[in-house]
Amino acid sequence: MKFGKEFVSQMVPEWQAAYMDYTSLKTLLKEIHVFKQKKSQPDTPTRALSLYRSFSGLIQRQHLDYHDHHDVEVDEAILVNSVQENGSGKFVTTFLIAAGDGADYEQEFFRMLDKELNKVDEFYRSKVMEVVAKAEALTKQMDAFIAFRIKTENKEVDFDVSTSTSSDDSRFIGTTEDSNEFRNIRIASLEVLDHVKLNQAIRNPFPSAKVYCVSINKHTQLNFTRGNLKKIRNQLKKAFVEFYYQLWLLKNYSFLNILAFYKIMKKYDKVTKLMERVEATFIKHFSNSNRSKGMNKLRPRTKKEKHITSFTTGRYIYLAGLFAGGTAALILALIITIHARDILNKEGSVQYMESMFPLYSLFGFIVLHMVMYGANIYYWRRCRINYTFIFGFKQGTELGFRELLFLSFGLATLALISVISNLDMEMDPKTGDYKALTELLPLGLVMLVMIVLLCPFNILYRSSRFFFLTTLFHCICAPLYKVKFQDFFLADQLTSEVQAFRSLEYYICHYGWGDYKLRQNTCKTNHVFNTFYFIVAVIPYWSRLLQCIRNRFDDKRNPMHGYNGLKYFATILAICSRTAYSLDKGTSWKILAWTFSALAAIYGTYWDIVVDWGLLKRQSKNRWLRDKLLVSYKSVYFGAMVLNVLLRFAWLQTVLNLNLSLHIETSIAIVASLEIIRRGIWNFFRVENEHLNNVGKFRAFKSVPLPFSYDEE
C-alpha cells in the first residue's frame, strides 16, 4: 500500500482535519516536476541541488527549538524564522532562490509546508497540555484513593511527607513545565481526605438512592466502606484505561505526522514518559502488579478480524454465504410448495394466517433489522465513520457485518425450515388436531433465541450479548440511568419493532390460553389482550420519552431534549388512536387517528432530517444539505430524505383501509417491515452526523468521570 493511502487509513477519524495534508503537498510537488519537464529543466544540477538543500533544511529545522533559535539560514536554500503570533511560536520559511522558472511553485510549496507544520504543531501542543492537566488530576485522584483505601482497611501507616518515599510506592507521576519536566510527587497523607468528597456519579447511580456521604460544615465526612472502595477503584480503573487510550491516540498521531514531516514534534518523548508512568501506576494498583494482565487491559486491542487467520475469516464468509444461500433456497422452496399444493385456496389458509403467521413474522422482523444493521456497519466502515467509539464498544469486541449476516441468515434459515415443516392446512383425521411437534416449532425457536441471548458461557459473542443486554436494561430502567448514545439509539430501534413486541404478546396468548393443537384462540376478542396490545406498543416510545426527560434534567440549558420528548409523546397519542381505530372502527377514533398521526409524522420527519441528520441547511456549502458530507454523491442524501418522508407516512394504509387484496396480517407485516427499513436508513445518517460532530470537536476518546472532587479552598 502506498504511503498516502496508509497515512489516511491510520488516521484518527475525528482528528482528520488536524493531520498534515499529505495529498495536497504531493500534488504540488508533482506540478513542480511537470513544470520543470516542460521547461526542459529536469536534470539541471543547480536546481536539483537547491531543492535537495531545501528539504535538508526542513529536516534540520525540526531539531531546533524556536525559543532559542530565531533565524536560521540552511545551505543558502531556505531561511527558517520563528515568529511569535497570538502568544505562540510559529515557523516561517523564506525561499532564498527566488529566480528562475518554477520558483513561484517552490515558494508556494514551502508556504503550504509551513501552514501544515504549524497546524500539526499547534494541535499537538494543545493536546499535550490537556493530557498533562489530566495527569495532574489523576495524581490527585490517586492521592485520595490510596488514603481512602488505607483508611478503609484500617492500616496503621506513618505518612510523614518528608520521609515518604517516591513513586515506587505507587504514586502516579505528575508533570510540570519547568526545566525538570517530570518530577516525583510523594505520597499524600491521610489529611487529603479532609479536602475531598465523593462525586455524584460514585455516590448514587439512581436519583432517589441513598447517598454514601454526609455533609458536615465545610467538608464531607466520607463513608469508608468496602462497597465504596470497590466503586472508586472501578471508576479510577476506567479513567486510567481511557487516559492511556488518549495517550495512545496522541502518540500515534505524532508518529504518523513524524513519518510525513520527519520528527517534527520535539515533545514526543514527553508523551512516551507519561505513558510509562500510567502503565506503572495501573499495573500496581489495578492489576495486582501483573504487568501482562495490566497491559492487556490498557492497550487498545485491534479489531480481531485483522489478526485472525484467513481460514477463520473465510469461515465466516463461507458460513454467511451458506446461510444466505440456504435462506434464498428455502424461500424459493416455500413459494413453490404454496403454489404446488394450492395452499392459499384451501379451507385452513385463513385460519393459518390468523393464528400461525403472526408467530413466524416475528423472525422476519428480527432478521430484517439485523440485515439492515449489518449494512449500516458495512457502509460506516467504508465511509470511515468511527461507530465503535460512538457506541462505546470495547476495543476489539464489536461485531462486524460478516458476523451479523452470519447470525441473521442463520436465524432466517431456522425460521424458514420451521415454516415449511408447519404448512399443514388440514387436521389429522385420526386425532382431530394438528401435529403437536410442528405446532411447537415457533415457540421452540423463540426459546432457543432467548437461551443463546442469555447464555453466560463465552460462546457466540458473549461480550456483544452482554453489551446489548446492559444497554437494554438501561432503556427499561429509564430515567434512572444517565442516557448515553447507545442507550437512546437502542431505544429508537425498539420503537421500530412495535409489531415484533405485539407478536411476543401473541405468543403468550396463543400458547398460554389458546389451543395451539387446533390453532384456535380468543386473543383478538379478549379485553386483557387488547389492553396489553396498547401497552406493548407504547412501551418503547414511553422509554424514549423518559430518556428525553432525564436528558432535560441533566442538561437544563438545552431545551432540545424537551422538544424531542414532545415528539415521542405525540407519537404515543398517534399509536394509541390508530390502535383504537383498528379495534373499533368509529368515526371519532378515525378523526383522532388522522390528527395525531399526521402531527407525529410531520414532527418526526422534520426532526429526522433537520436535527438527527443535520440536513436542510440552506446556507451550507452543499445547498440544502450540510457543509461536510461523507458520502460522495449528494443524490444519496436527497433520496434518503424523500424515502424517509414516504416511509414515515406508511401508516396511512391503516387509516385509509386501502383494499390491497391482502390479508390484514400481511398488510401489517409489510407496514412494519417498511418502518424497519426506514430505521435502517435513519441509522446511517444519524451516526454519520454524530461522527461529524465529534470530528468538529476533535473528540476521539470518552470523558470518564472521576470519583473524587477536591475542595480547592
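Here, residue 1 is simply the first one shown, and the rest follow in order.
Keep in mind that glycine also has a Cβ here, set from the backbone N, Cα and C atoms.
As recorded in TrEMBL, the features of this protein are as follows:
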type	residues	note
DOMAIN	1-282	domain 'SPX'
DOMAIN	524-713	domain 'EXS'
TRANSMEM	243-265	transmembrane segment
TRANSMEM	316-339	transmembrane segment
TRANSMEM	359-380	transmembrane segment
TRANSMEM	401-420	transmembrane segment
TRANSMEM	440-459	transmembrane segment
TRANSMEM	527-544	transmembrane segment
TRANSMEM	593-615	transmembrane segment
TRANSMEM	636-654	transmembrane segment
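Averaged across the domain 'SPX' (1-282), pLDDT for the predicted model comes to 63.
Here the transmembrane segment (316-339) does not touch the transmembrane segment (440-459). Their Cβ atoms form fewer than 3 pairs under 8 Å, with each pair 6 or more residues apart. Within its own chain, the transmembrane segment (359-380) has Cβ neighbours under 8 Å at 387, 399-401, 404-405, 407-409, 411-412, 415, 418-419, 442-443, 445-446, 449, 493, 496-497, 499-500, 503-504, 506-507, 510, 665, 669, 672-673, 676-677, 679-680, 683-684, 687-688, counting only residues six or more beyond its boundaries. Within the chain carrying the transmembrane segment (401-420), a Cβ under 8 angstroms from the stretch's Cβ atoms is held by residues 305, 313, 316-317, 319-320, 323-324, 326-327, 330-331, 333-334, 337, 360, 363-364, 366-367, 370-371, 373-375, 377-378, 381, 441-442, 445, 448-449, 461, all 6 or more beyond its ends.
Residues 560, 564, 566-567, 570-571, 573-574, 576-578, 580-581, 624-626, 637, 640-641, 644-645, 648-649, 651, 654-655, 682, 685-686, 688-689, 692 of the same chain sit 6 or more residues outside the transmembrane segment (593-615) yet have a Cβ under 8 Å from a Cβ within it.
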